[in-house]
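Swiss-Prot has this to say about the protein:
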- Ser29, Gly30, Gly31, Val32, Asp33, Ser34, Ser35: ATP binding site (BINDING)
- 2-183: domain 'GMPS ATP-PPase' (DOMAIN)
Amino acid sequence: MLNPSDFIEEAVEEIRSTVGNEKAIIALSGGVDSSVASVLAGRAIGDNLTAVFVDHGLLREGEAEYVRKTFSERLNFRYIDASEEFLKELEGVTDPEEKRKIIGRVFIEVFERVAEEIGARYLVQGTIAPDWIESEGQIKSHHNVALPHGLVLEIVEPIRELYKDEVREIGLELGLPREMIQRQPFPGPGLAVRIVGEITREKIEICRRANAIVEEEVVESGLHESLWQYFAVLTDTMVTGVKGDVRDFGYLVVIRMVESLDAMTASVPELPWDLIKRISKRITAEIPEVTHVALSVSDKPPSTIEFA
């Protein structure tokens, strides 16, 4: 059984002995995994750590502002807007596995540029057990696991043996705000794994707004306290609809809500029908490009939590 205090002491010592007096950067996303890893690394090497937040243009609504506000005064913090670079590389790509690999590669290219600039030798990552288990099992690549050959930086992964519930325990022991610890997981590739087919700026905005509506309604209902994840997926399916008395043709959006303890398995709970109806009405009313909303009822397995 995990003893948070013992784990923290051992992890800090391991990071310190590995990095020594060298400089390191950490890939900070604002999620609980990278946040916990950043605090552990900060305790171990202090000012020799630089936290790098990369905006790849695929973040959920308000995410960049949240991360900057939360971490800019806590750590040596660098914000990098690399959205143009990521979106250019993703042009015309439809295969979800290829999207994940491209995003992982571009992340590393950005981190290596920053590392060269500040003279860092190590890259600290918030990789956790489900990430590498799914990657090694060839279920899907994770951006922080499928790293390119020839990587210059040496990787440090202080929480790679932990599951999400254990990471949250460590976060609480470290004194991180409960609000941060309990945030629902958001995938490293961002909305790229919630957009089926080619990624375009129009699709990103549609998916971002649909996700925001789902999050707002779930939090308002209080159901967020029992759910692992809740989000919207923009499919590549176009469906006929009616706006007023006129035929319309727009996208199909899928709502997904699951319960889980560690992301290795997940189940779809009994959901309040009035909540689903509210979400559906808001999405079709507030996002004119969407004509239909569906609900995913598949557990993991056989499905994965994210669509792509």
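Even glycines carry a Cβ here, placed using N, Cα and C.
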(message) Check the DSSP secondary structure of Gly30 (ATP binding site), expressed as helix, strand or coil.
(response) coil
(request) Would you mind ranking the binding-site residues Gly30, Asp33, Ser34, Ser35 by how many other Cβ atoms sit within 10 Å of each Cβ and giving me the lowest? (result) Gly30
(request) Summarise the model confidence on the domain 'GMPS ATP-PPase' (2-183) as a single mean pLDDT, whole number. (result) 90
(request) Using DSSP with the three-state reduction, classify Ser35 (ATP binding site) as helix, strand or coil. (result) helix
(request) Within 10 Å of the Cβ of Gly31 (ATP binding site), how many other Cβ atoms can you find? Include all protein chains, please. (result) 20
(message) For a quick check of packing: other C-beta atoms within 10 Å of the C-beta of Ser29 (ATP binding site), how many?
(response) 22
(message) Counting only residues 6+ away in sequence within the same chain, which have a CB under 8 Å from the CB of Val32 (ATP binding site)?
(response) Lys164, Val167, Arg168, Gly171, Leu176, Met180, Ile181, Arg183, Pro185
(request) Specify all same-chain residues, apart from the site residues Ser29, Gly30, Gly31, Val32, Asp33, Ser34, Ser35, whose Cβ lies within 8 angstroms of the center of the Cβ atoms of the ATP site, ordered by sequence. (result) Leu28, Val36, Ala37, Gly126
